[in-house]
């Protein structure tokens, strides 16, 4: 069934096409960053994970072009996973920047593990806060879904 001119689904085709183009550009950027950062394990792993996610999301993006509006949950899931990927790549870039500044202006023998060992208690608090955030968000979404259904 083809979308009619006034049903609003045909307007999303250009958004889905732009999404596919951005995903292809991001794949090129992350794979290039992986090659440029050889030797920095954390940065390589982060960019590799981002590149793998982008490759796996291409079929969903192509599906959104072929059938705009068929499954609105696809866009919501892709948006959420894209935000996680952006946060992960940003963390990798920040780690690379911090290590560069530490080597340039401070201790030349400093590495990520020596910096992280000073923040050990903070990492446990951050993980605890993340777990609580996910649990509370899930319970709120569940309650909202129940309110919508009934």
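All positions are counted from 1 along the displayed chain.
Positions of Cβ are set from backbone N, Cα and C atoms, glycine also.
Pulled from Swiss-Prot, these are the features on record:
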TOPO_DOM  1-17  topological domain 'Cytoplasmic'
TOPO_DOM  63-82  topological domain 'Cytoplasmic'
TOPO_DOM  104-121  topological domain 'Extracellular'
TOPO_DOM  143-150  topological domain 'Cytoplasmic'
TRANSMEM  18-38  transmembrane segment
TRANSMEM  42-62  transmembrane segment
TRANSMEM  83-103  transmembrane segment
TRANSMEM  122-142  transmembrane segment
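The list of residues near the transmembrane segment (42-62) in space but at least 6 beyond its ends in sequence, with Cβ under 8 angstroms from a Cβ of it, reads 16, 19-20, 23-24, 26-27, 30-31, 33-34, 74, 78, 81, 85, 88-89, 91-93, 95-96, 112. Assigned with DSSP, the residues of the topological domain 'Cytoplasmic' (63-82) fall into helix, strand and coil as follows: 15 helix, 0 strand, 5 coil.
The average pLDDT computed over the topological domain 'Cytoplasmic' (143-150) stands at 70.
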